[in-house]
Amino acid sequence: MTSTKISLTQTVQKGGCAAKVAASELREILKQVKFPAAHPALMVDGGLFDDAAIYKINDEIALVQTLDFFTPIVDTPKLFGEIAAANALSDVYAMGGKPKTAMGILAFPLATLPKEVIVDVMQGASDKIAEADANFVGGHSIDDDTLKFGLSVTGFVNPQQVWTNAGAKVGDHLILTKPLGTGTLTAGLKRQEVQEADIMEALQSMATVNNAVDYMTPVLKNEVHAATDITGFGLSGHGMQLANASQVSLRISFSKIPRFAKALAFLEKGFLTKAHRSNAEYTKEAISVAGLESLQQHLLHDPQTSGGLLLSVSREVSADMVQALRAKFKSAEIIGEVLPRQDKAVIFEP
């Protein structure tokens, strides 16, 4: 453990998933890249902007591959490692799979931070990988000006039980497993307006592994028609992507959305990130926010780090699903439903 107090958020300009390249800008960049033709065994590639790639090996096993890394979103090194790992592991769970191996991705400023920080970050990650019943099998590191850490994760899933963001069915209920608000709360932390202890509920949520699949019976798992995790593009952006991929529309009630107690207050204080604005720009033509106040709209665009899963589930089992999920995810809630395609991809109502 590090012997002196280090505030990692003060060593970077932006942190967590709020540091993502804006979605609209990224799409324009990727349009200029000529990618090779997809192999027939690829069940999911980058075309749908899903959470991970899936490569079918045989009729019983498919490979799930993803990676995620970012700059510090919290001050404590070990907690940063825990959150970075939980965030990377989440993409495998969002596809219905289970992680098996993880490799570390580390950029570290050797000239400005003590090496003990690496130990703490790696230990935090190792603890979460073990919690996911996966193996930490190595990685790669470089000396850099800014600390960055994350994981490349490989998992497995039955090809017949893959979740994607493209399978939502009209009539499904939408379930969100974690509260919103990590973007604005951690913005307050970076501005040194609060201490970690003041927003511990959100920090613990970010460090919570998204293994919702482990709390589902086989029957419940089969009733998940689509899934994605809510991260840097916010509920608005990731919800829009799911609706577009599934060629449906989502109707979501703001009053049903779980949120951290201080989130709206922090937004009112102006604790916004660049991602709040880029997410609003990204989704402005595709979502409806009629009747919502500006602070409520900010929360929809709030960039989540290691946010919850958004599940599109048969309405016949949605109540049972929520009850099962609340064994771990206490805030799991039905927040809306899937509609036939409308003019807007996502319709947010009060």
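Heads up, the Cβ atoms here are built off N, Cα and C, so glycines get one too.
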Record-annotated Mg(2+) site (Swiss-Prot): member among D91, D120, D172 besides D51, D229: D91
For D91 (Mg(2+) binding site), the three-state class that DSSP assigns: helix
Cβ neighbour count (within 10 Å, all chains shown) around D91 (Mg(2+) binding site): 26
D91 (Mg(2+) binding site) and G139 (ATP binding site), distance between Cα atoms, whole Å: 18
Candidate with sparsest Cβ neighbourhood (10 Å radius) among F49, S141, the listed binding-site residues: S141
